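Only one structure is covered here, and it is reproduced in the block below.
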Amino acid sequence: MAYPFQLGLQDATSPIMEELTNFHDHTLMIVFLISSLVLYIISLMLTTKLTHTSTMDAQEVETIWTILPAVILILIALPSLRILYMMDEINNPVLTVKTMGHQWYWSYEYTDYEDLCFDSYMVPTNDLKPGELRLLEVDNRVVLPMELPIRMLISSEDVLHSWAVPSLGLKTDAIPGRLNQATVTSNRPGLFYGQCSEICGSNHSFMPIVLEMVPLKYFENWSASMI
């Protein structure tokens, strides 16, 4: 989860988020090199007194500044497209969870189980227990098994919402009348926090998401107790 004054991304907990973090670093390094080159050229222009007023064209330079940007864009586009396809792939999910956005709470349905569904509301500040996070804690957490591919089906009952958990690299729009899907795979157990990431009304900031990733044995015990 995020912490105060954090400048970087949250710690990656899923393979997709690891890829996104690497892509972010890769792109940032390219931007840094280009910015350094531009600043260096500007500093030369401001400090040198040498000019070439008689130069009418320079085909070699024009060729370089046409080809080089194209190569840079390809170096950015290829890993980006690869990650986009990875995010769309869902290979043999062991579990499917249907997520519905409402004003202003989430409802979850485990479609592989009969009558395993619940609503998830934010816990008011006055009801928080010691150690719980303000505006991020919910009354019913989404419990899922770790290290297994899980399919999330996401939609909305009223207006546009967005189901997002940054540490897992997830952000999927919840659109009325449309069913979007995403893959959840966690590399380790723990609590992972998110929020609605699409402005949906006056209580938009009071729609937290809490995923509790646990070993498969604990998930089976939890699901049996909920049915």
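Cβ atoms are placed via backbone N, Cα and C, with glycine included.
When secondary structure is read from DSSP and collapsed to three states, C196 (Cu cation A1 binding site) falls in the strand class. Sequence-distant contacts (6 or more apart, same chain, Cβ under 8 Å) of C196 (Cu cation A1 binding site) comprise G101, W104, H161, S162, W163, A164, H204, S205, M207, I209. Residues annotated as Cu cation A1 binding site in Swiss-Prot: H161, C196, C200, M207.
Taken from Swiss-Prot, the feature Cu cation A2 binding site covers C196, E198, C200, H204, and the record attributes it to similarity to another entry. Less than 8 angstroms from the CB of E198 (Cu cation A2 binding site) sit L160, H161, S162, D173, A174, H204, each of them six or more residues away in the same chain.
Taken from Swiss-Prot, the feature Mg(2+) binding site covers E198.
Y218 (phosphotyrosine) falls within a helix when secondary structure is assigned with DSSP. The annotation phosphotyrosine is assigned in Swiss-Prot to Y218.
Look at Swiss-Prot and you will find 1-14 (among others) tagged as topological domain 'Mitochondrial intermembrane', backed by similarity to another entry. Remark: secondary structure over the topological domain 'Mitochondrial intermembrane' (1-14) totals 0 helix, 0 strand, 14 coil, with classes taken from DSSP.
Sequence annotations record features per position, and here Swiss-Prot assigns topological domain 'Mitochondrial matrix' to 46-59. For the topological domain 'Mitochondrial matrix' (46-59), the mean pLDDT of the prediction comes to 75.
The topological domain 'Mitochondrial intermembrane' annotation in Swiss-Prot covers 88-227 (among others), and the record cites similarity to another entry as its basis.
Annotation source Swiss-Prot lists transmembrane segment at 15-45 (among others).
Per Swiss-Prot, the feature transmembrane segment maps to 60-87 (among others); the stated evidence is similarity to another entry.
Other than H161, C196, C200, M207, the residues of this chain whose Cβ falls within 8 Å of the Cβ centroid of the Cu cation A1 site are, in sequence order, G101, Q103, W104, W106, S162, A174, Q195, S197, E198, G201, H204. Taking the mean position of the Cβ atoms of C196, E198, C200, H204 as the Cu cation A2 site, the remaining residues of that chain whose Cβ falls within 8 Å of it are G101, W104, V159, L160, H161, S162, S197, I199, G201, M207. The most densely surrounded of the binding-site residues H161, H204, judged by C-beta neighbours within 10 angstroms, is H161.
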